[in-house]
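Chemist: Per Swiss-Prot, transit peptide is recorded for A:1-33, and the stated evidence type is sequence analysis. The feature phosphoserine is assigned by Swiss-Prot to A:SER67. Feature annotation from Swiss-Prot assigns L-histidine binding site to A:ASP131, A:LEU132, A:THR133, A:ARG158, A:GLN174, A:ASP178, A:ARG327, A:TYR331, A:TYR332. For A:LYS444, the entry in Swiss-Prot reads N6-acetyllysine, with the evidence type a large-scale study or a structure entry.
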There are 2 protein chains.
Amino acid sequence: MPLLGLLPRRAWASLLSQLLRPPCASCTGAVRCQSQVAEAVLTSQLKAHQEKPNFIIKTPKGTRDLSPQHMVVREKILDLVISCFKRHGAKGMDTPAFELKETLTEKYGEDSGLMYDLKDQGGELLSLRYDLTVPFARYLAMNKVKKMKRYHVGKVWRRESPTIVQGRYREFCQCDFDIAGQFDPMIPDAECLKIMCEILSGLQLGDFLIKVNDRRIVDGMFAVCGVPESKFRAICSSIDKLDKMAWKDVRHEMVVKKGLAPEVADRIGDYVQCHGGVSLVEQMFQDPRLSQNKQALEGLGDLKLLFEYLTLFGIADKISFDLSLARGLDYYTGVIYEAVLLQTPTQAGEEPLNVGSVAAGGRYDGLVGMFDPKGHKVPCVGLSIGVERIFYIVEQRMKTKGEKVRTTETQVFVATPQKNFLQERLKLIAELWDSGIKAEMLYKNNPKLLTQLHYCESTGIPLVVIIGEQELKEGVIKIRSVASREEVAIKRENFVAEIQKRLSES
Amino acid sequence: MPLLGLLPRRAWASLLSQLLRPPCASCTGAVRCQSQVAEAVLTSQLKAHQEKPNFIIKTPKGTRDLSPQHMVVREKILDLVISCFKRHGAKGMDTPAFELKETLTEKYGEDSGLMYDLKDQGGELLSLRYDLTVPFARYLAMNKVKKMKRYHVGKVWRRESPTIVQGRYREFCQCDFDIAGQFDPMIPDAECLKIMCEILSGLQLGDFLIKVNDRRIVDGMFAVCGVPESKFRAICSSIDKLDKMAWKDVRHEMVVKKGLAPEVADRIGDYVQCHGGVSLVEQMFQDPRLSQNKQALEGLGDLKLLFEYLTLFGIADKISFDLSLARGLDYYTGVIYEAVLLQTPTQAGEEPLNVGSVAAGGRYDGLVGMFDPKGHKVPCVGLSIGVERIFYIVEQRMKTKGEKVRTTETQVFVATPQKNFLQERLKLIAELWDSGIKAEMLYKNNPKLLTQLHYCESTGIPLVVIIGEQELKEGVIKIRSVASREEVAIKRENFVAEIQKRLSES
């Protein structure tokens with residue numbers, strides 16, 4: 001298979017150039033139909049179908065169809081992500097779309113109410129999976145697997161209020177990479193950050209930064225600031241909003257809604273404004289309060305080691321130790337991280353994008369143990385690529401630039417200038433298919449030549465083979481380049497070889 | 001992208017040779033863990049976990065996890081199927097996992113009770129999709145698409161009693177190809193049969209046959225035999241069982257359970273034993289009773305034309321006109337077909353496989369109109385590849401032959417013979433990853449050399465790069481071939497290029 005990761009930037013550039021056709025090529029017929037699909041879907045989601053009162057034709061709330069245009073963009077992006085996961089030795093796996101309800105309960109904190117439950121039709125109580133991490137932990141415990149490096153690409157479902165404009169849906173795709181097993185500290189953790197860097201660089205989304213912190217530092221900070229232990233998770237969830245809310249609003253929430261003493265909130269405020277490189281780690285080691293907390297010291301020790309490995313990987317400049325990073329999910333136990341785009345990729349004429357984080361993850365050493373009858377732990381660290389947001393960014397860019405995308409890969413079109421050549425066309429196209437060449441023809445007995453050539457131009461097919469009376473008489477096939485409109489006659493018996501030669505050269 | 005379809009048989013053979021490692025290579029460590037996963041899953045599905053009485057760790061009834069072994073086999077098979085669909089100019093698309101319940105009702109006849117409904121959590125009533133055809137028809141109608149050639153690979157869910165031994169689950173993958181639009185007769189239909197032939201040949205599952213019939217011939221046959229029109233669908237569903245049940249049992253069902261007059265049943269019996277090539281089509285044109293039925297004549301006319309096109313495609317010998325083929329689903333309106341393997345692929349030591357049909361489909365000209373407010377029709381014809389059965393056959397073969405499969409694609413392992421070389425290993429592996437090379441190392445500060453080499457052998461990694469005291473002193477990296485155990489020293493600055501050279505040669 002092609003090494004998509006080989007020189008990621010250049011590979012991606014070449015992918016994009018394959019993917020994108022010049023905006024001047026007009027896009028008609030079936031292709032035009034498709035390019036309107038996304039809008040049609042939205043429209044039909046917004047307004048009920050009035051002609052048939054008893055039955056609205058739509059997709060369920062918060063979901064959508066993926067048109068061929070969407071699929072092409074997705075396929076290219078997922079190929080790049082998966083080839084990076086494979087480059088790091090990960091195995092693929094999959095789990096069912098639904099799990100026993102009890103497998104998922106008490107894993108997601110406040111968000112459990114957002115789960116889709118299945119109707120009780122006489123059997124087990126089931127829920128659609130909410131992420132890929134809990135099913136992975138269940139898999140490890142169930143099969144007593146103590147060590148595994150795996151990736152998993154799949155849909156998950158959450159009953160959130162859909163904010164479709166930012167690319168958030170109730171059904172969405174996740175791309176996870178995780179390393180399970182007991183290893184020497186920070187080596188797998190550093191690899192997770194390396195993977196995030198490789199993917200975000202490879203996708204050419206612009207400059208990015210990965211914020212890093214450690215759950216133990218967060219908890220230690222809470223402890224030394226005087227947060228009661230019972231409030232740790234609630235305050236953690238407030239802190240997690242700092243990327244979307246100003247400090248004064250977060251402070252207000254903590255004090256007024258969550259009953260934190262104002263002076264405790266202010267002490268936290270001093271910490272969460274700190275971010276920097278490895279020197280901030282050193283500085284925190286000297287911090288008079290934090291250095292008194294055993295947990296925080298453990299976290300700081302690991303971060304120091306992590307930065308050492310990140311330097312060896314050549315990515316330390318992409319990483320920022322950020323005390324405001326908290327991560328909402330309950331199950332994290334150690335290092336946590338989140339990648340953000342440094343500049344919204346706004347170019348002339350583009351609307352500003354607010355896409356939030358594009359990748360995130362962390363260490364969760366306790367989750368597998370929750371599924372093990374004897375509580376045996378399997379330490380895990382992993383990451384999730386926010387592919388839906390990435391799809392959205394790439395699609396928006398293409399839309400702004402008016403870039404069209406080929407939704408088929410057809411290489412050769414079989415045409416005729418005369419009537420009554422269906423049989424010859426069928427014979428020719430079968431030869432092409434049997435030789436592995438991607439070929440199409442019109443499903444008409446007697447199509448017009450102009451209609452056939454127009455189909456090639458509108459769908460981006462580069463080559464046409466033409467069979468007509470003259471060609472039949474002379475025992476040749478005409479090969480036409482759609483771009484240059486040049487035609488050459490090739491002996492019937494050589495035409496497949498000639499086409500293969502041309503395709504391999506292009 | 002590689003032309004997987006180029007010379008399908010040879011391509012598949014080469015795929016398989018990549019996929020399968022010699023059975024002599026012992027499979028240990030993480031790999032061994034994984035090879036036991038499938039069994040563990042089944043075991044845990046069969047018996048409840050006794051140690052933790054309140055909580056059974058399992059996947060829902062009729063579902064299973066897909067281990068890395070499963071995934072590798074699936075990926076190769078799906079690649080071949082999808083590349084065939086693309087060779088025929090199909091676009092990809094996807095629809096949500098669930099639909100409005102009313103979208104799915106009254107589409108599947110008796111089977112509607114097997115649908116998974118979602119719990120009413122205050123919103124729309126939803127059901128998991130039951131196939132990919134009805135969502136496709138809904139998509140066409142909703143977006144007013146009149147013409148489209150698409151493929152769709154995705155999971156569907158049916159609450160059937162799972163017979164796991166034959167590879168039937170409640171969650172399974174479907175691979176559909178469909179052509180929607182008004183075209184000249186039988187051209188797209190013939191292409192569907194060509195695609196089925198290409199895929200089944202490419203997969204090398206052994207000899208196969210595609211049974212063909214037409215819903216109008218089935219209905220015409222019922223009419224001229226004297227079946228009351230109200231019983232058409234019920235008798236159709238009995239006839240559909242002829243591939244699993246003897247004629248006398250089917251006759252018994254029709255007469256005793258469904259109240260058909262015995263002489264009517266016997267007349268049907270005369271017809272459904274007929275199968276053959278285009279000559280049987282001619283023969284039926286002359287049939288004194290059938291030739292009196294307008295519908296049947298239309299169907300026979302189309303079949304005659306179909307056979308003409310199949311001959312031009314060079315696949316007529318694979319197709320059998322079979323009057324016993326009825327297809328259970330309500331929505332078929334014209335030609336129908338079903339591919340069966342001619343010999344169960346039993347070889348020495350293999351258990352006989354009963355896998356039923358491996359691909360099927362037909363024409364459904366009325367389904368899209370059911371979703372259109374004004375009933376506008378979009379004629380469709382399509383096929384579904386029974387990939388779950390194909391996965392099962394391939395997995396069983398590999399199991400019988402003791403063939404092991406590589407679940408990772410790692411090309412290079414970074415090893416050291418001495419302690420305190422973690423930093424050097426991290427620098428080396430980052431260089432490999434940044435050059436697009438698939439590389440792994442052990443997550444240990446000081447692993448033993450034997451452990452490292454053993455990991456390569458057990459997981460099938462072909463190359464090892466070694467860095468130790470001597471190499472560091474001499475400014476070289478040692479490259480070792482795992483198979484030949486040969487080692488050469490390469491200058492540090494040239495080692496990536498040397499590895500790329502070796503990988504491109506292998």
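Note that Cβ sites are derived from N, Cα and C of the backbone, with glycine treated the same way.
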Chemist: According to DSSP, does A:ASP131 (L-histidine binding site) sit in a helix, a strand, or coil?
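Modeler: It is coil.
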Chemist: Just checking, which of A:SER67, A:THR133, A:GLN174 (recorded positions) has the fewest C-beta atoms within 10 Å of its C-beta?
Modeler: A:GLN174
Chemist: Is there any among the recorded positions A:SER67, A:THR133, A:ARG327, A:TYR332 whose Cβ is under 8 Å from chain B, and which ones, in sequence order?
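Modeler: The recorded positions close to chain B are A:SER67.
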Chemist: Using Cβ-Cβ distances, find the residues under 8 Å from A:TYR332 (L-histidine binding site) that belong to the same chain and are at least 6 apart in sequence, listing them in sequence order.
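Modeler: Same-chain residues close to A:TYR332 (L-histidine binding site) (Cβ under 8 Å, separated by 6 or more) are A:ARG215, A:GLY362, A:ARG363, A:TYR364.
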Chemist: Roughly how many Å lie between the Cα atoms of A:GLN174 (L-histidine binding site) and A:SER67 (phosphoserine), rounded to a whole value?
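Modeler: Spelling it out, the Cα of A:GLN174 (L-histidine binding site) and the Cα of A:SER67 (phosphoserine) are 19 Å apart.
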Chemist: Helix, strand or coil for A:SER67 (phosphoserine)? Use DSSP.
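Modeler: A:SER67 (phosphoserine) sits in coil per DSSP, no helix or strand.
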Chemist: Using the alpha carbons only, what distance in Å do you get between A:LYS444 (N6-acetyllysine) and A:SER67 (phosphoserine) once rounded?
Modeler: 26
Chemist: Across all chains shown, how many C-beta atoms besides its own are within 10 angstroms of the C-beta of A:ASP131 (L-histidine binding site)?
Modeler: 19
Chemist: For the residue listed as 'N6-acetyllysine', just count the other CB atoms lying within 10 A of its CB, please.
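Modeler: The residue listed as 'N6-acetyllysine' is surrounded by 14 other Cβ atoms within 10 Å.
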Chemist: Counting only residues 6+ away in sequence within the same chain, which have a CB under 8 Å from the CB of A:ARG327 (L-histidine binding site)?
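Modeler: The list for A:ARG327 (L-histidine binding site) reads A:ARG215, A:ASP240, A:ILE336, A:GLU338, A:ALA360, A:GLY362, given in order along the sequence.
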Chemist: Whole number in angstrom, please: the longest C-alpha to C-alpha distance across A:ASP131, A:LEU132, A:THR133, A:ARG158, A:GLN174, A:ASP178, A:ARG327, A:TYR331, A:TYR332 for L-histidine.
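Modeler: Comparing all Cα pairs, the maximum is 22 Å.
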Chemist: How many whole Å apart are the CA atoms of A:THR133 (L-histidine binding site) and the residue listed as 'phosphoserine'?
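Modeler: On Cα coordinates alone, these residues lie 28 Å apart.
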Chemist: Rounded to the nearest Å, what's the C-alpha distance separating A:SER67 (phosphoserine) and A:ASP131 (L-histidine binding site)? Just drop the number here, would you?
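Modeler: Per the Cα atoms, A:SER67 (phosphoserine) and A:ASP131 (L-histidine binding site) stand 24 Å apart.
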